[in-house]
Amino acid sequence: MASSFSRFSHTLLLLVVFWGITSSSNAQLSTDYYSKSCPNLFSTIKFTVHSAIMKEARMGASLLRLFFHDCFVNGCDGSLLLDDTSSFTGEKNAVPNRNSARGFDVIDDIKSAVENVCPGVVSCADILAIAARDSVKMLGGPNWDVKLGRRDARSASQAAANNGIPAPTSNLNRLISRFNALGLSTRDLVALTGAHTIGQARCTSFRAHIYNESNIDLSFAKTKQSNCPRSSGSGDNNLSPLDIQTPTYFDNKYFNNLIGKRGLLHSDQELFNGGSTDSIVRAYSKNPSSFSSDFVTAMIKMGDISPLTGSKGEIRKNCRRVN
């Protein structure tokens, strides 16, 4: 009898272990997650992203930035997209996002289009991931297969956004530390920051760098000062391209800028300022294919940060609010 019970217990244990392994693997992200449940997903998103970028090339950078800022705060869970409610204060008005994060209306348009072809299937978190990839590709950058299967958070945290997203005033050690805390290497840091080959920044984000710091090309600084007054509160929202050479084309020119001390943000120039990342910047400036390859690797790694899978979270019907 004891022997039979022992065999039963052993069999039950094996079943539990097997179930745990399979359920865990089922909860992993995969590139073909929606292949049966929403076969027209990619073409639907691509059409809307393309339309938005054709109207305004800057939108590609804005959509890519939304994915960054979502993943850096409690993982890639679409929490950035939630409006404030009576139960939580969301991330949209956190310091890194206020008057800065944009493209929410495009995400709304994508979600609406996706809901029309496969209602209640695709998460807002996954839409962010695909829109980021499509934006990079449409602006001349690399392509990659996006891992999918994320679910949407039911809450958001302004405090987490304030603490989790590196500020443009960050020094190199702070940048490395924050990226490392999320499982991203120093090389990932440099590659991902290469996204600043597209997009623009507000005067308030680079004012101190162009007026008060010495690790900047003087003629470059003077050019930027003409559109960014020294006094705080004056021209704070005036824009300047992060890459002065090809601001709407995804390439490696950003790294050439850094070597010439023409990084717009303090945190940009920190990547080439006599520190441990100088060699990576030099390598990317000479080898665009190396940058593209490392950027793709880093984007996939970033997309793996703490996703909600399985029965966690939900599939939002409207990206701005929980169901």
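Backbone N, Cα and C atoms are what each Cβ position is placed from, and that goes for glycine too.
Within the set Cys203, Cys319, TrEMBL assigns Cys203 as the partner of Cys228, by disulphide bond. With the fewest other Cβ atoms inside 10 Å of its Cβ, the least crowded of the disulfide-bonded residues Cys38, Cys118 in this structure is Cys118. Ranked by how many other Cβ atoms sit within 10 Å of their Cβ, the binding-site residues Asp70, Asp243 place Asp243 at the bottom.
The recorded positions shown are Cys71, Asp77, Pro166, Thr246, Asp251; of these, the one with its CA atom nearest the CA of Cys124 (disulfide bond) is Asp77.
Between the CA atoms of Cys228 (disulfide bond) and Asp77 (Ca(2+) 1 binding site) there is a gap of 35 Å, rounded to the nearest whole number.
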